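Quick notes on the structure that follows.
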Amino acid sequence: MNRAVSHSRARLSAFSASSSSSSSLASEAWDGRFRLHKPRGQHLLTNPRVLDAIARHAALRPGDAVLEVGPGTGNLTARLLASPVDRVTAVEIDPRMVDAVTARFGALDLAHKLTVIQGDAMETEFPEFDVCVANIPYGISSPLIAKLLFGTYHFRTATLLLQKEFARRLVAMPGDSEYNRLAANVGMVADVKLLMDVSKRDFVPMPRVDSSLVEIRPRAAPSEVDVAEWLGFTRECFGQKNKTLGAIFKQKRKILDLLKRSQRSERCTSDAPGAGSGIILGVLVDDGNDEACSDEDGDSGDRAAGFSTEEVGAFKERIAGALESTDLAGKRPSKMSNDELLYLLRLFNERGIWFQ
């Protein structure tokens with residue numbers, strides 16, 4: 001280890017040690033130069049023991065490139081830079097935070113190891129990274145996870161601090177009351193593990209709810225899975241997850257919508273579905289509103305949609321045939337495994353029923 005790196009690490013270690021006292025907690029979070037905005041999700045984690053635990057759970061390796069989303073004033077960034085990583089890239093939308101982080105670590109001679117990008121994380125193209133470690137604003141939890149997992153990024157793990165209720169939904173299993181489209185879609189391409197809970201009292205300003213730390217470890221979807229098609233399928237299933245599949249797919253409005261998609265002359269496909277227009281938006285949203293779809297539209301509804309009554313009837317029979325060939329028609333999506341859902345999707349596709 002060269003003398004400059006050793007010196008920088010020693011200064012960071014001294015900083016971390018001093019921050020463990022309660023008297024330094026506020027200064028670590030915020031030096032009073034600007035106001036934090038709770039509506040923007042600006043809740044800074046200040047408990048040194050929790051910050052240390054997050055960095056430890058991230059299991060960083062020598063030479064890693066680390067992505068941090070929403071560094072705030074740099075409390076977690078300090079721990080990441082103290083590890084033997086190659087570089088840390090922090091993406092921050094607030095220019096005041098950008099200035100604070102840049103000045104803080106410039107004073108520690110760590111500018112060569114840290115890149116701070118000012119911008120919206122959902123619109124910024126991330127550089128290549130091995131690990132993502134972040135205390136992310138609650139409001140972008142779902143779209144950010146979708147961007148990481150269904151985009152074009154290849155990384156080892158993401159260690160994320162999330163709203164506790166959201167984290168429970170993320171790790172839910174079929175049959176759990178929290179199981180939803182979020183868990184089903186993430187479970188297709190990643191393994192998720194709950195690491196620890198974090199009290200709301202460990203943040204400044206204090207949010208209304210507690211948080212949980214999770215580890216997301218990506219893995220390749222089964223080779224036979226068209227991920228974009230899967231995402232469209234789960235959108236239809238989990239929009240009314242407490243109805244049976246038989247009830248969901250007999251509704252006139254849904255039949256017409258699927259017929260329209262299935263008869264498109266050119267279906268949109270992509271080897272990287274996360275990069276496609278409209279794929280990321282809403283990928284992990286579970287509508288769950290069980291809205292009523294009228295089945296009484298009659299012939300006029302068919303004609304308005306551009307299909308004859310005969311076309312609609314024949315397509316409806318194809319859907320019914322797929323369901324009747326299995327014992328899944330009476331099941332609810334919230335009780336079904338991904339293997340069962342994937343099996344039904346294949347049956348639909350074999351009959352020319354498409355969901356993209």
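All residue numbers here begin at 1 and follow the chain in the order shown.
Glycine is no exception: its Cβ is also placed from the backbone N, Cα and C atoms.
Keep in mind that what you see is a predicted model, and the values were worked out from it rather than measured.
Per TrEMBL, S-adenosyl-L-methionine binding site is recorded for HIS43, LEU45, GLY70, GLU92, ASP120, ASN135. Neighbour list (ASP120 (S-adenosyl-L-methionine binding site), Cβ cut-off 8 Å, at least 6 residues apart, same chain): ILE93.
Note on the domain 'Ribosomal RNA adenine methylase transferase N-terminal' (50-220): its mean pLDDT in the predicted model is 96. The domain 'Ribosomal RNA adenine methylase transferase N-terminal' feature in TrEMBL is assigned to 50-220.
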Max pairwise CA distance, angstrom, over record-listed S-adenosyl-L-methionine binders HIS43, LEU45, GLY70, GLU92, ASP120, ASN135: 20
